[in-house]
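K.L.:
Handing you a structure now.
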């Protein structure tokens, strides 16, 4: 086995509580750009082709394990928070095969690029190191452990912030907490002591143990120290979110997506977008959303777990969840497609139209103020303004079916379950409580009756008339003028 073909195991330390988050959610489960922070570390490990990935959990262990449970990921519990050395030993106990380099990552540093980690591992192997420390340089490295070098620039030790002298605190080179070890690390880690101010077992002490045995310890310096930024509080979380979102948006721009005002647009990492898509300011694209080429996403639209086909237009302020929009269709503005909504090609959904568990075939038009729930609507049907599919009886939802080429007049209510045949007409204002045959005209409304003088008698009642002058002066005058 050569240096370059030796397997790589990854241990991800994710046991901390994160008290400064002031949250019931474990720190590493706070989402950044669509993934929990710890899931970014798991993704990076997978991208490296790791043989085995072990996530060390502690606080909120069951929640963390449920969030990143997947094939190839194992878990180890750190029962007591005794420091990074103890956490590493917990994780190493699950590495039973041996013969691998071991990469240590943290569950709260989602900005680390897989390419950086790939270069780190390659450097470790090419230089024949027993331990390689990923370091960075900052004008003020407060909060980080410092890298103390000796003659010739060799890495001599890592000093934690709380144990550092004033001279050591002035050092700008910091320890990122990311390491590559050879296969001896678990055995050496058992010799780590806790003779420090915190009484903890520091993983950094492995450096001294390796050096004491004559092994080579080297550093690999980051070109961009922001890659190892973590989040200890909500402010740090927003900084991570902004950095990752900028990366994601820049990636889409390079891939041929037009994004107006990228700083206002949120696109989660799991979203896929085709070429020549236009995304207007304020859009939020989430989950497993897929957007095909040539589509337009209007300003302030929110799209989650949905499929948008070629040339579809989602107009401003529309909300889509678990929906599918066919090629060339347009939705909105101010429309809502709820789960189970499937629009065929060339469908028009206008302002203030809501759909749920609804299938609309090619060319259907619902232009204004409609609710279409639990319904199938055939091709080229026109749904008038104010149409409601009354699908709920107080206990159960009921399914309706409307054929192709149907004309539904404004302010119609379909009282489910109903079937409307192809090419039927429904007169405006109808409440349809029976099925409508193919080609028929359905009219279901009461005959208009005008009751002369009713308004005058209504407003002239003593309990109303005395309030008219103050609240409705024009009406009070009309009442006076029309009384005989």
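Heads up, the Cβ atoms here are built off N, Cα and C, so glycines get one too.
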K.L.:
Of 385, 390, 469, which does Swiss-Prot put in the acetyl-CoA site with 410, 428, 445?
P.N.:
385
K.L.:
Find the shortest Cα-Cα separation between residue 83 (UDP-N-acetyl-alpha-D-glucosamine binding site) and the recorded positions 108, 368, 410, 428, 445, and name the residue that gives it.
P.N.:
108
K.L.:
For a quick check of packing: other C-beta atoms within 10 Å of the C-beta of residue 428 (acetyl-CoA binding site), how many?
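P.N.:
Other Cβ atoms within 10 Å of residue 428 (acetyl-CoA binding site): 16.
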K.L.:
Including all protein chains shown, what's the count of other C-beta atoms within 10 A of the C-beta of residue 13 (UDP-N-acetyl-alpha-D-glucosamine binding site)?
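P.N.:
For residue 13 (UDP-N-acetyl-alpha-D-glucosamine binding site), the 10 Å Cβ neighbour count is 26.
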K.L.:
Can you tell me how spread out the acetyl-CoA site is, meaning the largest CA to CA distance among 385, 410, 428, 445, in Å?
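P.N.:
17 Å is the greatest Cα spacing among the residues binding acetyl-CoA.
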K.L.:
If we check Cα distances from residue 368 (active site, proton acceptor), which of the binding-site residues 338, 410, 428 wins as closest?
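P.N.:
For residue 368 (active site, proton acceptor), the closest Cα among 338, 410, 428 is found at 410.
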K.L.:
Counting other Cβ atoms within 10 Å of each Cβ, which of the recorded positions 338, 368, 445 scores lowest?
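P.N.:
Counting other Cβ atoms within 10 Å of each of the recorded positions 338, 368, 445 gives the minimum at 445.
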K.L.:
Among the binding-site residues 13, 160, 382, 410, 445, whose Cα is within 10 A of the Cα of residue 108 (Mg(2+) binding site)?
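P.N.:
So far as Cα distances go, the binding-site residues lying within 10 Å of residue 108 (Mg(2+) binding site) are 13.
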K.L.:
Identify, in sequence order, the residues in the chain of residue 160 (UDP-N-acetyl-alpha-D-glucosamine binding site) that are 6 or more apart from it along the sequence and have a CB within less than 8 Å of its CB; answer 'none' if there are none.
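P.N.:
For residue 160 (UDP-N-acetyl-alpha-D-glucosamine binding site), the qualifying residues are 145, 196, 202, 204.
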